[in-house]
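Before any comments, here is the structure.
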């Protein structure tokens with residue numbers, strides 16, 4: 001999934017793909033249970049992000065434009081829809097040992113995942129700049145320009161994703177051709193070189209946007225917390241709507257941070273090949289990795305006013321039942 005040629009090099013270098021014959025019955029049942037969970041999880045993610053992208057995309061076409069924040073969310077949802085789709089294809093190509101076909105989808109995964117990273121980063125920066133109450137002149141300058149810069153930032157994400165895909169495709173092609181020969185010493189050295197190459201590639205493409213995301217979310221949480229404490233100091237016995245809204249925003253940001261960070265950490269750990277494609281834990285690892293980004297998208301969906309309105313229209317009975325439960329509570 002993440003390491004584009006990791007399984008492919010192993011497959012051409014003398015090892016087979018995921019062989020079920022080596023698993024005990026207990027491990028085999030474990031293997032298939034998590035495979036089914038991964039498929040269900042991916043289907044939920046596809047429906048969720050597809051719904052989010054469709055609603056905002058339709059609004060974009062209808063009104064000939066979107067607010068800058070919704071524009072980023074629409075592009076982020078589209079990239080995650082593609083990411084989950086490509087991840088499903090990649091994993092099943094690995095399962096049936098179609099290594100040469102997997103290379104092309106792995107390059108596509110690199111492109112989509114890089115775009116996803118940068119769109120998430122732009123969203124965090126946008127909300128940080130728009131909502132935070134810092135008084136530094138540079139902050140005011142960014143706040144004044146950020147909305148007009150969003151289309152260019154999104155275009156930049158596509159360019160960076162394209163560069164990532166070119167880099168990945170180049171490394172894949174060289175390594176795959178070198179391992180096609182019968183020289184196993186060369187194949188081993190090629191795997192070692194590619195592992196080092198891909199780790200550097202992944203760290204460059206993932207860590208930079210994640211650091212900006214982390215910084216933006218922490219600054220925003222600090223600003224909201226400071227403002228909340230100021231309101232509580234001025235009105236210590238008041239629990240008005242504004243205080244509740246700030247508290248809910250802080251909780252949402254905390255979950256936002258935890259879920260997305262878990263996705264990034266599992267990706268980074270996977271580069272070290274803690275769990276490879278031949279392991280019975282492979283599907284369990286995939287479930288855990290993509291769970292973070294699925295929950296992250298859920299928060300985006302539920303915190304967006306347009307999405308809440310669309311959900312009420314699409315599922316009125318569910319919303320009525322939920323409101324009745326709240327009244328009873």
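Note that the numbers count up from 1, one per residue, in the order the chain is shown.
Quick reminder: no glycine exception, Cβ is built from N, Cα and C everywhere.
What you see is a predicted model, and the numbers here were worked out from it, not measured in a lab.
Some features that Swiss-Prot has for this protein:
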TOPO_DOM  1-27  topological domain 'Extracellular'
TRANSMEM  28-48  transmembrane segment
TOPO_DOM  49-68  topological domain 'Cytoplasmic'
TRANSMEM  69-89  transmembrane segment
TOPO_DOM  90-121  topological domain 'Extracellular'
TRANSMEM  122-142  transmembrane segment
TOPO_DOM  143-153  topological domain 'Cytoplasmic'
TRANSMEM  154-174  transmembrane segment
TOPO_DOM  175-201  topological domain 'Extracellular'
CARBOHYD  183  N-linked glycosylation site
TRANSMEM  202-222  transmembrane segment
TOPO_DOM  223-251  topological domain 'Cytoplasmic'
TRANSMEM  252-272  transmembrane segment
TOPO_DOM  273-282  topological domain 'Extracellular'
TRANSMEM  283-303  transmembrane segment
TOPO_DOM  304-329  topological domain 'Cytoplasmic'
Recorded stretches the transmembrane segment (122-142) and the transmembrane segment (202-222) touching, at least 3 CB pairs under 8 Å: yes
Residues from the same chain, set at least six apart from the ends of the topological domain 'Cytoplasmic' (143-153), whose C-beta lies under 8 A from its own: 67-68, 71-72, 118, 122, 125-126, 129-130
Any contact, the transmembrane segment (283-303) to the transmembrane segment (69-89), with at least 3 Cβ pairs under 8 A: yes
Closest-packing stretch to the transmembrane segment (28-48), where packing means Cβ pairs under 8 Å, from 69-89, 154-174, 202-222, 252-272: 69-89
Tertiary contacts of the transmembrane segment (202-222) (same chain, 6+ residues out, Cβ under 8 Å): 2-3, 110, 114, 117-118, 120-121, 124-125, 127-128, 131-132, 134, 160, 164, 250, 253-254, 256-257, 260-261, 264, 267-268, 271
Overall pLDDT of the topological domain 'Cytoplasmic' (223-251), taken as the mean: 70
